[in-house]
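Engineer: Okay, handing you the structure first.
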């Protein structure tokens, strides 16, 4: 196939471009997660019953008069589905969001936010308008107040790659996410202040072009239904987590 | 070139793809600036708040964000379109067959794992229970890095745990 004397190089050439983290996930991480998170259904049901029995002592009675009137934090969470070969957790969407308070008195500051998001993610940012009034901050409904970018697919993995390999190591005194991170349903949010946006490689050349430098937040939405599988997934992609040091014991996970 | 936002774009003499809402905002900002500089005794707070509108970097940003002409693809002949569609179909077939093969492999691995658990349950119940207990604070170690084409400049982090403290 190859001419004599020529070395062939087939690292994904036939497949076209695929982001590094995406390749790693599909080649390696996915199977690892499948094995690490599998519990036989009977055992899982038993574990969940035990867990619910342990919690039922503190929880209020389930027989509320009107289920629709429960506060959203008390609503029952979606059940953990039975694990199959195909429903391993995956990173579905990353949203980069800048909330620009300075836009309240000068709309032009939104341009800094839009431009920064476009520089850092490579995609066009969307303006977000206020959904309600807040007289304390002179906010009226419909005022443009923030900007965001939704990333999926290879763009998303490239952004995460830059964040994990370049930006987080350059931050001062950042050692990882806490083990309490996560909203309980598989979404993780990282918030950054205005010293961090300049650490992106694309921002190095054009930093002086920005009259206003703001902080931003990154929301990573995964298809995990609880925090522990989500944390496992993100740690596999390279996000550091802060662990309390504890001695190795026999009861550790295999 | 597509002319959108009719009167505004035509008045500006630009034939560019512009989002009408943002163009209105840009015009309003420019209008507020010019009108406030004209009327000296006008609304003082508004004029004071818009001092930084004069920042030339914002004009540059507006040009880049809203007034750049969109890039166009070169015109494609009929044969080019046929070739393009044929390539797309071939790529789709390739991806479908590869995906189906990977899916079958994954299902076989999963079935093998389930069979292994069942065998373990029959062989040794104590080990089976230990295998079923999962740590909720489990994470992959930092040493398991995502592969790269070339090795890193720092091959091994000898002081990893101590550096964290």
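Using N, Cα and C of the backbone, Cβ positions are placed for all residues, glycine too.
Just so it is clear, the model here is predicted, and its values are computed rather than measured.
Relevant sequence annotations retrieved from TrEMBL are reproduced here:
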{"type": "COMPBIAS", "residues": "A:45-55", "note": "compositional bias 'Basic and acidic residues'"}
{"type": "REGION", "residues": "A:45-86", "note": "region 'Disordered'"}
{"type": "COMPBIAS", "residues": "A:68-80", "note": "compositional bias 'Basic residues'"}
{"type": "DOMAIN", "residues": "A:86-140", "note": "domain 'Large ribosomal subunit protein uL5 N-terminal'"}
{"type": "DOMAIN", "residues": "A:144-241", "note": "domain 'Large ribosomal subunit protein uL5 C-terminal'"}
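Where in this structure would I find these features, and how exposed are they?
Structural biologist: DSSP labels the residues of the domain 'Large ribosomal subunit protein uL5 C-terminal' (A:144-241) in these numbers: 39 helix, 23 strand, 36 coil.
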Engineer: Are there residues at least six beyond either end of the compositional bias 'Basic and acidic residues' (A:45-55) with Cβ under 8 Å to its Cβ atoms? List them, or say none.
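Structural biologist: Tertiary neighbours of the compositional bias 'Basic and acidic residues' (A:45-55) are 39, 80.
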Engineer: In the domain 'Large ribosomal subunit protein uL5 N-terminal' (A:86-140), how many residues does DSSP assign to helix, to strand and to coil?
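Structural biologist: The composition, in the requested order, is 20 helix, 15 strand, 20 coil.
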Engineer: Pull the DSSP breakdown for the compositional bias 'Basic and acidic residues' (A:45-55) and write it out as helix, strand, coil residue counts.
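Structural biologist: Output for the compositional bias 'Basic and acidic residues' (A:45-55) reads 11 helix, 0 strand, 0 coil.
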